[in-house]
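Q: Encoded as structure tokens, here's the structure I'll be asking about.
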Amino acid sequence: MSSAGLNVGKKNAYTAVKVDPDGDYCTPGAFELERLFWKGCPKYTHVNEVWPNLYIGDEKTALDRYSLEKAGFTHILNAAHGQRNVDTGPEYYQDMTVEYHGVEADDLPTFKLSQFFYSASEFIDNALQDERNKVLVHCAMGRSRSATLVLAYLMIYKNMTVVDAIEQVSRHRCILPNRGFLKQLRELDIELALQRRNTKNSLPSNDDENSTTI
């Protein structure tokens, strides 16, 4: 797909896009992504492990320093950082051995959360390099902002499609990113698929390898 084709796919968020003509996968349209959440999900609880040592939680979980320390959390990503949201910050956890990362985001379809996809994912991935670490990603309810950042992490660092990532997290927690965030995850899915296609096309084919050895 050309860059022009990629832009068309981004503009029409309700149409499936196939980046790799040789593959079977198509990035779903926005409505199809929403349908993935209609399959049902686990009963809502304050915090859930959705990937080894990676948890999604809500404001109540983030404010309970005693339980966080007892559970062994070492890293906290607040996807609702700020005075009008979940107002914690590194000073709130200063008596704990916790590394804090704040993202000032509003749970609005018009908010560009994608600007934080890579920095938040890098924070999570760096933390999980040590298997002793435990990461909590939270917002107010633990369903939209925090879930979106975790989905982006799984897509960027674990090579998952947006469908794979949603299915992985939904098995463990009831999440529901707003429609604007889903569109941004869809754009990320197209971007990553294009990168994978370009990487695959840049590798020498078996025919090329055979011709050089003859």
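Yeah, the Cβs are placed from backbone N, Cα and C, and that goes for glycine too.
According to Swiss-Prot:
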ACT_SITE  Cys139  active site, phosphocysteine intermediate
BINDING   His138, Cys139, Ala140, Met141, Gly142, Arg143, Ser144, Arg145  substrate binding site
DOMAIN    46-194  domain 'Tyrosine-protein phosphatase'
Q: Secondary structure at Arg145 (substrate binding site) (DSSP, helix/strand/coil)?
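A: Note: Arg145 (substrate binding site) is helical by DSSP.
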Q: What same-chain residues, at least 6 away in sequence, bring their CB to under 8 Å of the CB of Arg145 (substrate binding site)?
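A: Counting only residues 6 or more apart in sequence, the Cβ neighbours of Arg145 (substrate binding site) under 8 Å are Ala79, Ala80, Val103, Ala105, Asp107, Leu113, Cys139, Pro177, Phe181.
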Q: Suppose the substrate site is His138, Cys139, Ala140, Met141, Gly142, Arg143, Ser144, Arg145. Which further residues of the same chain have a Cβ inside 8 angstroms of that site's Cβ centroid?
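A: Sorted by sequence, the hits are Ile56, Asp58, Glu59, Ala79, Ala80, Asp107, Ser146, Ala147.
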Q: So if I measure Cβ to Cβ from Arg143 (substrate binding site) and keep only same-chain residues at least 6 apart in sequence, which ones fall under 8 Å?
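A: Same-chain residues close to Arg143 (substrate binding site) (Cβ under 8 Å, separated by 6 or more) are Cys174, Ile175, Leu176, Pro177.
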Q: Let me make sure I understand the structure: which of the recorded positions listed (Cys139, Ala140, Met141) has the fewest other Cβ atoms within 10 A of its Cβ?
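A: Taking Cys139, Ala140, Met141 as the recorded positions, the minimal 10 Å Cβ count falls on Ala140.
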Q: So how many of the residues in the domain 'Tyrosine-protein phosphatase' (46-194) end up helix, strand or coil by DSSP?
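A: Going through the domain 'Tyrosine-protein phosphatase' (46-194) residue by residue, I get 70 helix, 21 strand, 58 coil.
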Q: Let's check the environment of Ser144 (substrate binding site): how many other CB atoms sit within 10 Å of its CB?
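A: Around the Cβ of Ser144 (substrate binding site), 24 other Cβ atoms lie within 10 Å.
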Q: For His138 (substrate binding site), list the number of other Cβ atoms lying within 10 Å of its Cβ atom.
A: 27
Q: Please list residues from the chain of Gly142 (substrate binding site) whose Cβ is under 8 angstroms from its Cβ, counting only those at least six apart in sequence.
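A: Same-chain residues close to Gly142 (substrate binding site) (Cβ under 8 Å, separated by 6 or more) are His46, Val47, Ile56, Gly57, Asp58, Thr61, Arg173, Ile175.
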Q: For the domain 'Tyrosine-protein phosphatase' (46-194), what's the mean pLDDT in this predicted model?
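A: PLDDT averaged over the stretch: 98.
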